[in-house]
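Engineer: This is the structure I have questions about; it appears just below.
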Amino acid sequence: MESEQLFHRGYYRNSYNSITSASSDEELLDGAGVIMDFQTSEDDNLLDGDASVGTHYTMTNGGSINSSTHLLDLLDEPIPGVGTYDDFHTIDWVREKCKDRERHRRINSKKKESAWEMTKSLYDAWSGWLVVTLTGLASGALAGLIDIAADWMTDLKEGICLNDLWYNHEQCCWRSNETTFEERDKCPQWKTWAELIIGQAEGPGSYIMNYIMYIFWALSFAFLAVSFVKVFAPYACGSGIPEIKTILSGFIIRGYLGKWTLMIKTITLVLAVASGLSLGKEGPLVHVACCCGNIFSYLFPKYSTNEAKKREVLSAASAAGVSVAFGAPIGGVLFSLEEVSYYFPLKTLWRSFFAALVAAFVLRSINPFGNSRLVLFYVEYHTPWYLFELLPFILLGVFGGLWGAFFIRANIAWCRRRKSTKFGKYPVLEVIIVAAITAVIAFPNPYTRLNTSELIKELFTDCGPLESSSLCDYRNDMNASKIVDDIPDRPAGTGVYSAIWQLCLALIFKIIMTVFTFGIKVPSGLFIPSMAIGAIAGRIVGIAVEQLAYYHHDWFIFKEWCEVGADCITPGLYAMVGAAACLGGVTRMTVSLVVIVFELTGGLEYIVPLMAAVMTSKWVGDAFGREGIYEAHIRLNGYPFLDAKEEFTHTTLAADVMRPRRSDPPLAVLTQDNMTVDDIENLINETSYNGFPVIMSKESQRLVGFALRRDLTIAIESARKKQEGIVGSSRVCFAQHTPSLPAESPRPLKLRSILDMSPFTVTDHTPMEIVVDIFRKLGLRQCLVTHNGIVLGIITKKNILEHLEQLKQHVEPLAPPWHCNKKRYPPSYGPDGKPRPRLNNVQLKPIAEEREETEEEVHLLNSTTL
């Protein structure tokens, strides 16, 4: 009787459509013209009907949530493979946490039985600290190895140390007794390629030969890097942070954090940095550290068998990666918390801090730069900043925000073009072309020829009495011969003006080449190039302010602080502030970025300028778009990532987003005890869904639970092998008690153990604002849409992403949010008892296939009074 009433009201199952059966990820975000960047066959069914096992929630129209946890009926012998995940699928956070609680409960119940069980309990309790310790040790050791090898290979482009081939330029001249302080980079042991090949150290012939050898080594390193990536580990390319953010949100990418990726990424990162491309090694170091954490997690069953627990290790590993990249353990922890982690409990905070500490200690012990520091560009300033300097600091923040907005749009446009044209099919050729252009243009300019980390070091460094850089070529008016730390402001000499012009050319070069370099098929980080661009701009502004204060010290803004003979302006501080502003504009980091730069300088008094510049860059960048570069690349690649920073302000309902739609096939379901093995296998073969709602019967349509496609397949195959009498005509039973069958019937197959008896459900009138928030906070894969217990449809993470993208591209809100004015909703049913046509309760821009529905919906909203 109730089903008949539902039929007249439009709620009969066949009046709703089934889940979208697209078999390709190219339809994942087709509203934006975005596709997944994977070409493997396992990727075909991404998130179509993803299902979970876990906590049951029922949501009413009022928004209240009733929660009850139902533990699965466990088999005496668990079926191998049940509860695992396929590649390119999302984990079920709720089920994984339930599994971990059950494991912990079982260990605690046995630990008093014997000394061995107590030992196992202690091992389980300490395994988290052991795995982050191993991760920190490996991350620090690999970072030190990468730093040493990259420095040596970078100097190899210019020459070689004849006495000790494994020494770079600086180390080679350290051992020489003939090196003078003024010419500290020149020593007999170090030979340029021109000296070795043509026997000339000076002159046009020497310059041309060094130029040719520089280009040769740059192209050789770039070719080796892209070849190793293409042949051995395609996942080793890029920064890795967008993929790590997606993995930490629950997505599975097999092999992305594997041993081959770790080995090839370590080797090719050295080659890519040494080639002179406009990239850095700091971002890829986070990927390297996460590879270490993933590999070590397999040594401990607590983490190897639980995907959610494994992601706690990866969060700690990402903190260790930033710790060794910048020598900033605290900043690494905050980076993991603010930028990459999806689930970050308190114990993960402690373990992340410990992993960052261990990694920094190991790197400090290796001392790769020979300066007893963790990074090459560590600086200390002794001059305080003054209040009037906030204005140029804020201007640097504006520049950083504008640079970030420009870079994100330009780089995404170029990467999208690479995906959609034939140019993307030739990654080796692209890398060779970019490396050739970079080497040809970079060599004539001494600031672009430098390693980017050395360039940042020179720009950060304050001009002391012993500095010989052209940036410190000031006219010295001092009569005193005593060397002091604080040198008063002086007029700039010819070397400073020449350096400013070279820095302006270097700034233009870095901006252009970074756009085309980030995203090519070699390991490429973005931290160092962005910091270099900001440091160049900051140093130029700092010198300008310094000279302005020197020549116009009687102006009211300088009069109080910049007296004649006073050390007023520190150009290196401006370079540091500019570097932080540009990095913040690209990544939209705030707190963690300020702490990282603070740890680089070792001074508390510069936090206010950094905060002002970083917040200004974020505000300016957000004015052009709230996405950082990593979120933009996640959306470009079509990864199933729900960004917690985005706000959902539209007035759609769950019934508007759920599948099936009107034009789709009926919803594919299983019945509790009326289907045979052949029926289920045929349903699996004929559809591509990753899960099926289980209902009581075709007549009642009431929800019983949810069964995953993978679990069904594994359970049936296992039953055929291990249980006698299981044939194609065997009845499959999901109920607790087997129904009575004729005596001649084959043995029934009980699959209640793989059934999720408490799938997450919402009603058809639940606002999508709440549904999206639930998906974000609980990490759901899917939820079922019901009406009075009757299954109407399903909403997966893929459906939400499609809906968000469609709204972002085409939707203009017509009514205020649902909780502000509920009377804007038209009645759900017309006078004939059938549901009214509804199109998301929003007005769409003209779309060919939906124009008629749009006009009808607008008419409904304008003519209906409640």
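Placement of Cβ uses the backbone N, Cα and C atoms for every residue, glycine included.
Just so you know, TrEMBL annotations are computer predictions that nobody has curated.
Note that the structure is a prediction, hence the values are computed from the model and not measured.
Okay, so TrEMBL annotates it like this:
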| type | residues | note |
| --- | --- | --- |
| TRANSMEM | 126-150 | transmembrane segment |
| TRANSMEM | 214-236 | transmembrane segment |
| TRANSMEM | 256-277 | transmembrane segment |
| TRANSMEM | 284-301 | transmembrane segment |
| TRANSMEM | 313-337 | transmembrane segment |
| TRANSMEM | 386-408 | transmembrane segment |
| TRANSMEM | 428-447 | transmembrane segment |
| TRANSMEM | 499-520 | transmembrane segment |
| TRANSMEM | 532-553 | transmembrane segment |
| TRANSMEM | 573-598 | transmembrane segment |
| DOMAIN | 658-722 | domain 'CBS' |
| DOMAIN | 755-814 | domain 'CBS' |
| REGION | 847-866 | region 'Disordered' |
Engineer: Mean pLDDT for the domain 'CBS' (658-722), rounded to an integer?
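Structural biologist: Summing pLDDT over the domain 'CBS' (658-722) and dividing by its length gives 87.
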Engineer: Is the number of Cβ-Cβ pairs under 8 Å between the transmembrane segment (214-236) and the transmembrane segment (532-553) three or more, considering only pairs separated by 6 or more positions?
Structural biologist: no
Engineer: What residues elsewhere in the chain lie close to the transmembrane segment (499-520), defined as a C-beta under 8 angstroms and at least 6 residues from its ends?
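Structural biologist: For the transmembrane segment (499-520), the far contacts come to 226, 237-239, 277-279, 403, 407, 410-411, 414-415, 418, 427, 430-431, 434, 437-438, 441-442, 445-448, 455, 469-471, 473, 526, 529-530, 532-533, 536-537, 539-540, 543, 629, 633.
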Engineer: For the transmembrane segment (573-598), which partner among 313-337, 386-408, 428-447 gives the most CB pairs under 8 Å?
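Structural biologist: Per the Cβ count, the answer is 386-408.
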Engineer: How many of the residues that make up the domain 'CBS' (658-722) does DSSP mark as helix, as strand and as coil?
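Structural biologist: Helix, strand, coil within the domain 'CBS' (658-722): 24 helix, 17 strand, 24 coil.
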Engineer: May I ask for the residues of the chain that lie six or more residues beyond the transmembrane segment (428-447) and have a Cβ under 8 Å from a Cβ within it?
Structural biologist: 211, 214-215, 218-219, 221-223, 225-227, 230, 275-278, 418, 455, 458, 499, 502-503, 505-506, 509, 513, 516-517, 520-522, 536
Engineer: Tell me the residue counts in helix, strand and coil for the domain 'CBS' (755-814), as DSSP assigns them.
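Structural biologist: Across the domain 'CBS' (755-814), DSSP assigns the residues as follows: 25 helix, 20 strand, 15 coil.
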Engineer: Which sequence-distant residues neighbour the transmembrane segment (126-150)? Criterion: at least 6 residues beyond either end, Cβ under 8 Å.
Structural biologist: 266, 269-270, 273-274, 281, 285, 288-289, 292-293, 296-297, 299-300, 302-303, 312-313, 316-317, 320-321, 323-325, 347, 351-352, 354-363, 365-366, 368-369, 451
Engineer: So which of 284-301, 313-337, 532-553 is most in touch with the transmembrane segment (386-408), counting Cβ pairs under 8 Å?
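Structural biologist: Out of the listed stretches, 532-553 contacts the transmembrane segment (386-408) most.
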Engineer: Take the transmembrane segment (256-277) and find every residue of the same chain, 6 or more past its ends, with a Cβ under 8 Å from one of its Cβ atoms.
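Structural biologist: Residues packing against the transmembrane segment (256-277) from afar: 142, 145-146, 149-150, 153-154, 156-157, 217-219, 221-222, 224-226, 228-229, 232-233, 235-236, 240, 243, 247, 284-285, 287-288, 290-295, 314, 434-435, 438-439, 442, 449, 451, 513, 517, 520, 522-524.
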